[in-house]
Amino acid sequence: MIGFLKFALIGTVLLGVANGASVATASAKGSNCTVQDGYAALMCLVRLSDFAEKVDNLDMNDKTKLKEFKRSCDSLHSCYSNLNCTTKSDDEKDKYVESIKQYCDAVVYVSDGFSKCSDKLNEKKSKCFDDWDPIPNKIHLEEDEAKIEKIKNEACKTYFGKDDCMKKEITETCGKEEWDSFRKQFVNLSGGLVSKCDFSRFE
């Protein structure tokens, strides 16, 4: 499961925040940015690099590494929250900052809060759980924006597995409370992975 979370990070979080910070460093030469702003943006890029490395080396079973990852998350989130000079609008900046938080929360949840249920699903060799991947198929290979949006729209139908099988699997195996927590985490994360889906069918 951590595999697609890493892909989600690269595709929807890192590219966005890296662009925001790199623009800030370039813009520091302009009239709207100070040298201090440019330095702050560079620090964010350094923290982003550290964060990406921790994601790549993350061992979900190593509690020490998870704590380090969480600290890196908090540091990166704080850095971008306080970044003043960027050509991104406040709304765009807030979106990227929130995406960092959502991604980090999802990783911590999967590695800690959902681990027991995940073990149970693996033990019963759940086909739905094994096959589940909310990342739209081959979207990373597509460059046409219109086609990307179409793929994302289609992904809404299978975001929680074929015929929403993840709801049934998790509820039957781990209970409704676990499903509610799982649904909440991944609905929050969905904005960067797929189009704005209507998940009211789960309410």
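Using the three backbone atoms N, Cα and C, a Cβ is placed for every residue, glycine included.
Under the heading signal peptide, Swiss-Prot lists 1-20. Residues or ranges marked as N-linked glycosylation site in Swiss-Prot: Asn32, Asn84, Asn188.
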Mapped DSSP class for Asn84 (N-linked glycosylation site), helix or strand or coil: coil
Where Asn188 (N-linked glycosylation site) sits in the secondary structure, as DSSP reduces it to three classes: helix
